[in-house]
Amino acid sequence: MKFSLDFRNMVNRDNNILQLIMMTVLIFIIMTALSPDKFLRYYNFESITYLFPELGLLSIAMMIAMLTGGIDLSVVGIANLSGILSGVLFHYLTRDLGMEQSVPMVMLGVCLSLGVGLVAGAINGFLITKLNIIPILATLGTGQVFIGLCLVLTGGPAIVGFPDAWAFLGNGKLFGIAVPFLLFLLVAGMVAFLLTRTTLGVNLMLIGSNPRAAVFAGLKKSRMILYSYMLSGVLASMAGIILSGRTNAAKSDYGTSYLLQAVLISVLGGTNPAGGKGTVAGVSIAVVALMLLSSGFQILRFSNHLIDFIWGAFLLLVIAINAWKNRAR
Amino acid sequence: MSPSGQRLALPFSHQLLNSQTPGSSMSEAFIELRSIGKQFLGLRALDDVSLTINKGEIHCLAGENGSGKSTLIKIISGVYQPTEGEIIIEGEKVENLSPIESVNRAIQVIYQDFSLFGNLTVAENLALNTELRAKTKLVNWRRVRKLAHEALERLGVDIDLDAEVESLPTSSKQLVAIARALMSDAKLIIMDEPTTALTGKEVETLFRIVRDIQSRGIAILFVSHKMREMLDISERLTVIRNGAKVAEGPTSEFDEASVIRHMTGLDIQIEPFRRARPDASEMPRLKVQGLCLAGDYQDIDMTLHSGEIVGLSGLLGSGRTELALSLFGMLPPESGTVEVDGKPIALQSVQDAIAEGIAYVPEDRLSEGLFMTQSIKRNIIATSLETLAKGGIIDIQRVDRVADETIASMQIATPSAEKQVGELSGGNAQRVVLGRWLLTDAKVLILNGPTVGVDVGSKAEIHKKIRELVDNHGLAVLMISDDVLELAQNCSRVILMHRGRFVDELEGDAIIEDVISDQLKSFT
């Protein structure tokens, strides 16, 4: 009862979510119709639950930067740097430990990764709020720096040989459900709570909607924006943990195609790039929709390049529809 | 002085009698709107409105916000197509008037935001229209400058042609917009709320120019909701309310009271708000001594007591806004002391000022006061978020209760606290900004232009609210305004500021509209 009421409120307030759900269902129906026996297999959906958390986390990180009218183009750099630094850490500590023995070390690695995200995000926030560099330039620059650091640390090739417990974070199963998916649900729930029920979240929405009025209302604008980039950095480093855990490797140019996809998904999910509006639910549904779309096309044996093309075209189409709808209003 | 708006000596009334429409075009219609109706998705914005503007006439269109004024302007400028009625321009019936057709028929609109290109220079802005129409690929900059120079000279104003428009004060931007309209050989210039952002002196300059334009046979439709200006400038007046025409006739047949009555459908009587001078021994709420900020203001001494509204006026650049921003912690002063309830306070940030009980309602409600795309609820709680949360987590029930209470006590007309603030009218939106400060422990309330852009009916309501706040919460209010009537009606003292200093203070019976305007005019 309570839930259904909440849900109805959510849909009413933001019919973007309703539109996204309809779109996702539509994709599901079309793909099922085109290839019922292959698309509906359990394996297909299971593989989606492994693949989408990385992109989902990066998209949420992007959304958070967009809430204040900014953008974080360093998310993939942060993700890779987190994975690589942990890889380097594991390299120096003893390797080839079994599952049980590697847990403390992996916990250390997770802390290191999240710390990297926090510090990297703080650097972004510092450049943006203290030096007044516009977000797109600041994060483009730091993104390059992070990727440069990755190259220096690895010399180019991928770092391999992560401990088992680390791989479990990206590859494992708990109660028959993909661990990265569970992690994603946990983090997404926490971020959703943070954005709607805490002072930080409401501050970010207000600042994004009118930065000048925020100052006149006595909001701590710079500090809140700094926090938002730190949060964005931490989420990116989580994506880095899952990515390196799933592939059991970390490399400076992994997931570079995710960057612009995260921007588009964030907007597709109803985030206003000018600031002040965005939901975790919207972004999450948008990622699921795109994942269904690409897995469907993969089953239909479209080439990977063509799938990229279709993604782009699809994103443009939805954004164009939104723009048209807003204009008509 | 009669509170119901007795018509006072108007600075231009003698000219009004002399102003002659040139030549024989005296009563020849330039544009005639016959029984215009306009519907938007079932919503009736205009109903059977007829309006005739004669050649070379200054015609005033009066109405409150939301009365249909803007819709009517947009029909004349071709932005909207009327659903009923016909438009006749210079004797010719025009079907499907489009924006381009409207411009070709020599109609120019100067919107409130002037539609100028802020990042271009004055010369570029002025020449853009004519250069685009010339359809040459290359721009002849010497010709551009010559044209621009001529246009400004015709207005008799001196504005640097190479200045970026963004850097100009509002009054100069407006002059650039007027010059641009004149350059296109307009026969009708529509000015939408042209005086909103101008000071008294600038309004006079504008009126001089408007009369000068008229003397060249150009008609002017002056759209406003400011009573005295309309009566000052226009020859004929049309009043619309709720999309219908309610009155029309020569301006001489109207006075302030009758226009207000037509616009609002109500009789608004405002009793001046007067407070006896507080006992000198009483602890002042706000005490300012020797406050200085080089280049903005010097040696400011001021005391405000609980329960009084003190007016502050002065021309643009008098330092009044800077002083207000300093008291609100946005522009820390260089020297001097500020005390609240006898306790000296440091004003290094907005948070400092709020914590000490100083509240500020900014000049520009849209860009500085409100979060337009957010809900009324969020706008109300913005400043008190921290106090409505524990450990950073917001107490939802308390927020809902507090928001509903504020909506009720400020009488904000809305079906729900979740509605976007952007959908509210100016008067209701201003109450949201005021209501925000009720939730803080405000002791001193600084209002900068509290009723700018608010229509007559709501204006009286807002004044009533401010008085209530003063009476019920023991606030001390500093009301900064250009609206001399507003100051005269609400303040028990009025301080006049000029070039960064307090130069005069009016009290008691000396607070009369005309005394304040005369004082302001004496500053050059």
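Using N, Cα and C of the backbone, Cβ positions are placed for all residues, glycine too.
Nobody curates TrEMBL annotations by hand; they come from automatic prediction.
Keep in mind that what you see is a predicted model, and the values were worked out from it rather than measured.
Annotated transmembrane segment per TrEMBL: A:17-36, A:48-67, A:73-93, A:105-127, A:133-162, A:174-194, A:226-243, A:255-272, A:279-300, A:306-324, in sequence order.
Long-range contacts of the transmembrane segment (A:226-243) within the same chain, counting only residues at least 6 positions beyond its ends with a Cβ under 8 Å from a Cβ of the stretch, are 53-55, 57-58, 60-62, 64-65, 67-68, 70, 72, 74-76, 78-83, 86, 109-110, 113-114, 116-122, 124-126, 128-129, 166, 169-170, 180, 183, 187, 191, 194, 200, 204, 250, 254-255. Here the transmembrane segment (A:48-67) sits apart from the transmembrane segment (A:105-127); fewer than 3 CB pairs are under 8 Å, leaving out pairs fewer than 6 apart in sequence.
Stretch with the most C-beta contacts under 8 angstroms to the transmembrane segment (A:255-272), considering only A:73-93, A:105-127, A:133-162, A:174-194, A:279-300: A:279-300.
The transmembrane segment (A:133-162) makes contact with the transmembrane segment (A:73-93): 3 or more of their CB pairs lie within 8 A, with pairs spaced 6 or more apart in sequence. Counting Cβ pairs under 8 Å to the transmembrane segment (A:73-93), the stretch among A:17-36, A:105-127, A:174-194, A:279-300 with the most such contacts is A:105-127. Counting same-chain residues at least six beyond the ends of the transmembrane segment (A:17-36), those with a Cβ under 8 angstroms from any Cβ of the stretch are 10-11, 268-270, 279, 281-282, 285-286, 288-289, 292-293, 295-296, 299-300, 318.
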